[in-house]
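Undergrad: My structure is below; once you've seen it, I'll send some questions.
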């Protein structure tokens with residue numbers, strides 16, 4: 001749709017010569033599908049988390065459950081609020097002049113886009129740091145990583161994301177209606193002012209930094225788990241190692257694939273400014289890719305559990321005929337087992353006792 005037919009939109013941040021070829025029916029379809037699937041996925045994840053929290057109240061697992069709950073709740077409200085505003089915009093035929101005279105709706109939409117975009121990335125990096133500490137420093141994690149500290153971290157992450165989202169408003173710099181006239185964000189067209197470039201670079205750099213922290217911590221966690229697996233002769237921790245490695249690989253792949261296009265696109269616009277050649281279609285595609293991360297988050301963090309992996313293992317073994325691998329029983333508490341195996345492998349006193357009393361340890 002060519003925005004030159006609505007010259008009044010120039011006052012809202014859209015130039016008259018901007019052209020964005022988007023099919024209304026396809027765009028509405030994407031918005032409704034994304035919102036519905038996201039709400040259902042995150043609602044299911046919240047139900048599973050509540051059930052797991054009632055069954056397992058171990059101190060070692062409380063921090064993971066709190067962080068995971070914060071992640072899926074943030075994703076759920078992101079789909080509810082942003083999806084509802086987007087559907088309203090489509091239902092109003094994208095006539096921003098009629099329902100956005102004071103630019104309040106666009107400002108709210110922009111704030112929600114920034115907050116619900118950065119907050120899951122920050123929470124993902126915090127979860128990666130928490131898992132890294134839990135595996136590499138189990139004693140410190142069990143004594144210092146209490147529920148109170150986790151709640152404080154959740155509050156600080158949310159407040160920091162709110163501050164970043166409100167920064168343009170505090171600087172009296174309004175959010176802009178984008179070229180597709182379906183969403184609001186920082187100014188991405190004819191960016192010449194340093195402040196507009198700063199907001200784009202700040203958003204992209206914080207997002208990429210969160211991904212880098214997640215990647216680094218997950219890599220350290222995965223390497224540590226593999227080292228513990230090969231050093232330890234106990235078979236109790238093998239299922240947990242397998243589960244954690246699969247989860248870590250899925251988390252890194254989903255986050256990087258979904259968010260990298262949008263973050264890199266925003267960074268390119270902020271760096272190149274008015275010379276940027278990013279089209280409206282490219283930005284919309286990157287935005288939809290980022291939306292998929294919030295849909296896949298609950299499936300990666302919550303639903304990719306040991307029971308699912310066990311069934312997939314059985315199916316794979318049956319199809320490939322691999323009967324030489326013996327799958328042992330899954331323990332009830334994976335995180336507790338991880339702490340126990342890591343503590344045993346790092347303790348020289350425990351290793352001596354195991355070597356001196358092999359029959360007693362086997363009997364236990």
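Each residue, glycine too, has its Cβ placed from N, Cα and C.
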Undergrad: For which of the residue intervals 3-23, 150-170 does TrEMBL record transmembrane segment?
TA: 150-170
Undergrad: Please compute the mean pLDDT of the model over the domain 'G-protein coupled receptors family 1 profile' (41-301).
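TA: Computed over the domain 'G-protein coupled receptors family 1 profile' (41-301), the mean pLDDT is 84 on the 0 to 100 scale.
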